[in-house]
Amino acid sequence: MRGRSTRLIVALDTKDTAQAVNWRQATAAHAGAVKLGLEFTYASGLEAVRAVAGDSPLFLDLKLHDIPNTVASAIGSLAGVRPAMLTIHASGGRAMIAAARAAVDATFPAQARPLLLGVTVLTSMDEAGLHEIGVPGSVKAQVIRLGRLAMEAGADGLVCSPHEITPLRQALGEDPVLVVPGIRPAGSAAGDQKRIMTPAQARAAGADWIVVGRPITRAADPAAAAAAIAAELAA
Ligand SMILES: O=C(O)c1cc(=O)[nH]c(=O)n1[C@@H]1O[C@H](COP(=O)(O)O)[C@@H](O)[C@H]1O
């Protein structure tokens, strides 16, 4: 049994600042962090990101994937945003991940340094989708391959589906912070997600954080939906 608890990150996926603030406030009592990603950042910019996050720890999910110099320079542009977590695609390769590591260390003071998370295989992908882009073998093998690479190159943690938590722990131990989207409370629609589990299942597998968007933000009562998930994590 792992000694860590599993905490909730609410994905505030919207273009609208007022909507994002509403969702943050409605769910703040039940969430350990908020996530702002591509949709909000492209629509509203980094200043709005900072404003929406307020006092909540911020997972800034920009999923950087470019040549090492560009990724490092982009991270350098985030100094004023003060994220608690940042994402890069692990498939960008060792040199890109190492450049991101160096840029995080150079950009943020030690006491305010975001966790650098490597996205392994998107939770919307299944094995057929992986084969289609030229990656043979299983999703699990590819997640472990990318997870190992990211951690060797300096990442602090990984984004993976709940199905890969146990295999990643077996392969890489307790060090990686595992941030886990692809979460669906029993009875909620999967939508575009392929590799899913319930909050309780992800917790039992050993997720450090679960990321939940639409099951909360598209619920009739987002506060109640977040409360129910938090209760499931605490049970
Ligand atoms: O990096 C992520 O957060 C992420 C990685 C991944 O593999 N799958 C994934 O769904 N996400 C994000 O997690 C959130 C999931 O949202 P819902 O599917 O609405 O719960 C979205 O904001 C995605 O961008």
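Each Cβ is built from the backbone N, Cα and C atoms, and glycine gets one as well.
What TrEMBL says about a protein is an automatic prediction, not a curated fact.
The DSSP secondary structure for D66 (active site, for OMPdecase activity) is coil. Within the same chain, the residues at least 6 positions away from D66 (active site, for OMPdecase activity) whose Cβ sits under 8 Å from its Cβ are A74, G92, M96, listed in sequence order. Among the features that TrEMBL reports, substrate binding site is placed at D13, K35, 61-70, T123, R184, Q193, 213-214.
Annotation source TrEMBL lists active site, for OMPdecase activity at D61 (among others). Neighbour list (D61 (active site, for OMPdecase activity), Cβ cut-off 8 Å, at least 6 residues apart, same chain): A11, K35, L36, G37, L38, M85, T87.
If you take the C-beta of K63 (active site, proton donor) and look for same-chain residues 6 or more apart in sequence within under 8 angstroms, you find G37, L38, T87, I88, H89, V119. Sequence annotations record features per position, and here TrEMBL assigns active site, proton donor to K63.
Residues annotated as active site, for OMPdecase activity in TrEMBL: K63 (among others).
Marked as active site, for OMPdecase activity by TrEMBL: D66 (among others).
According to its DSSP assignment, D61 (active site, for OMPdecase activity) is in a strand. For H65 (substrate binding site), the same-chain residues lying six or more positions away in sequence with a CB closer than 8 A to its CB are V71, I88, H89, S91, G92, M96. Its Cβ placed at the centre, G213 (substrate binding site) has 20 other Cβ atoms within 10 Å.
Around the Cβ of P68 (substrate binding site), a 10 Å sphere holds 18 further Cβ atoms from the protein chains shown. Comparing local CB density within 10 A for the binding-site residues D13, L62, T123, the maximum falls on T123.
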